[in-house]
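Asks: Found this in TrEMBL, in case it helps:
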REGION    1-21  region 'Disordered'
TRANSMEM  31-52  transmembrane segment
TRANSMEM  64-85  transmembrane segment
TRANSMEM  97-118  transmembrane segment
TRANSMEM  154-174  transmembrane segment
TRANSMEM  180-201  transmembrane segment
TRANSMEM  256-278  transmembrane segment
TRANSMEM  298-317  transmembrane segment
TRANSMEM  354-372  transmembrane segment
TRANSMEM  378-397  transmembrane segment
TRANSMEM  409-431  transmembrane segment
TRANSMEM  437-458  transmembrane segment
Amino acid sequence: STMRERKTTDPPQSSTDLSEEKEKLRLKREVGLISGVSLIAGTMIGSGIFMSPEWVLHHMGNPASSLLIWAACGLLAVFGALSYAELGTIIKESGGEYIYILRIFGSFPAFLFAYTSVILVRPAGLAAVCLSFAEYAVAPFYPGCSSPQVVVKCTAAACILLLTIINCLNVRLATSVMNIFTAAKLLALLVIVVGGLVLLAKGQTQSFQNGFQGTTAGIGAVGVAFYQGLWSYDGWNNLNYVTEELKKPEVTLPRAVMIAIPLVTCLYLLVNVSYLAAMTPSELLSSGAVAVTWGDKVLGSWAWLISVSVALSTFGSSNGTFFSGGRVCYIAAREGHMPEILSMAHVRCLTPSPALLFTSAMSLIMIISGSFTSIVNFFSFMAWFFYGMTISGLLYLKIKKPELPRSYKVPIIIPIIVLMAAVYLVLAPVIDQPQIEILYVVLFIFSGIILYFPLVHFKCHPRFLQRVTVHLQLFLEVAPTTRNVN
């Protein structure tokens, strides 16, 4: 392991031992219940609810069945998060799926997850959300025409650099930004909900008449509709990435999950009802940006508020994605699956700044190249493959090791349902509508084998890397850290 723990032969209460205990560098426990709720809800509510409804409706064929998909996605997110909450009380370490796969299944599958997540999935997701932010942020400056791609990409890059500065400076500053932007986006969604309720009170219910007529029955179409809905719920597992930074994780983790995800689910359902009250299904399907069309129809001259709200929402979501994504890189490096420098923390700010800088650099490359779109489209395929593996690990612990101490237990039927859903979501689109891009994704995952055996298993590290690590350590003012586990 790359995590360096100082050892001493002195007695437990010696002054040498006490001074060395003070020298150990840890990330602070600064994420409380409110910040935990904000991290989950703030990351979940991004660009998805403003963009995905038309695609869920497109694949399901009618309003009523699309609302059922949104409700089912919310229920699946709750079940998944509750299962993860039990894992978080058994394995009290940060890193989410990575650390659970590592502790249950071993080094090789954990490395494949870290390799895929750190190099591809997290940076691609962050780049996509930041580009969504940029599109809405610059749109008011180019009325009546599409924004130049150079301006959009520069704005997205500026967004990533700003997030890097915020998250490297202070954990409390990053969580404060999350809290503020979460409050702002909840207010924006409430405006849409209230507007929809007013329209319903005026009798605009024609979209809900014969609601189930023309429902799509194909398993592949339903699976793709789930992918679109679940993209909007992505982030339900974010708190497990920062377990070591939670105050009283055994209490905060389950409570934050039970507050945040049902709240987001109810809001999503009401927002979809509001969209359908303001627009006919055909209008909704032809809309490039559902929320903006809703604003034009309902708010009139105040429609610009929606563009501002979406920009705020996507910025807050990208902050949450960046906050948790950097932790995966940091924990993987601490366990020896990434370069050692990425496992270090800033000596004064106590933030994993090298990991955050690496995530930022990968995201900037994807923004500049602009070739990440197809990767993001298959994000759900990769995500649910590893979610399924993690949940199967929980089932293994519940059946084979029930004696392990845990402050919270989820009924076994819940992880079984999540595992069945994960298998369906991975296999259904592949069986019903096989696409060559999925093969590329699978090949990328297993290309990690080429790196794992020489670099991790046999530890063939070129000597010059050690010198590079020392120079970077001095330049970035970082030092090795210890686990922050009770």
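Glycine too: its Cβ is placed from the backbone N, Cα and C atoms.
Note that TrEMBL annotation is computational and uncurated.
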Asks: State, in range form, which of 154-174, 180-201, 378-397, 409-431 has the highest count of Cβ pairs under 8 Å to the transmembrane segment (64-85).
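Replies: So the stretch in question is 409-431.
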Asks: Based on Cβ pairs under 8 Å, which of the stretches 31-52, 378-397, 437-458 lies most in contact with the transmembrane segment (97-118)?
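Replies: Against the transmembrane segment (97-118), the leading stretch is 378-397.
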Asks: Who are the long-range neighbours of the transmembrane segment (298-317) in its own chain, taking Cβ under 8 Å and residues 6 or more past its ends?
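Replies: Contacts of the transmembrane segment (298-317) (Cβ under 8 Å, skipping residues fewer than 6 from its ends): 42-47, 50, 129-130, 132-133, 136-137, 139-140, 159, 177-178, 180-182, 184-185, 188, 191-192, 195, 199, 235, 278, 289, 291-292.
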Asks: Looking only at residues six or more beyond either end of the transmembrane segment (154-174), which have a C-beta under 8 A from one in the stretch?
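Replies: Those are 27-28, 30-31, 126-127, 130-131, 133-134, 137-138, 245, 315, 318-319, 322-323, 326, 346, 349-351, 353, 356-357, 360, 363-364, 367-368, in sequence order.
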Asks: So which of 31-52, 180-201, 378-397, 437-458 has the most C-beta pairs under 8 Å when paired with the transmembrane segment (409-431)?
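Replies: By Cβ pairs under 8 Å, 378-397 leads among 31-52, 180-201, 378-397, 437-458.
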Asks: Looking at the stretches 31-52, 180-201, 437-458, which one shares the most CB pairs under 8 Å with the transmembrane segment (378-397)?
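Replies: Against the transmembrane segment (378-397), the leading stretch is 437-458.
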Asks: What same-chain residues lie close to the transmembrane segment (31-52): Cβ under 8 Å, and 6 or more beyond its ends?
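Replies: Answer is 77, 81, 129, 132-133, 171, 175, 178-179, 181-182, 185-186, 189, 228-229, 231-236, 238-239, 242, 245-247, 252-253, 255-257, 259-261, 263-264, 267-268, 271, 289-291, 310, 313-314, 316-321, 323-324.
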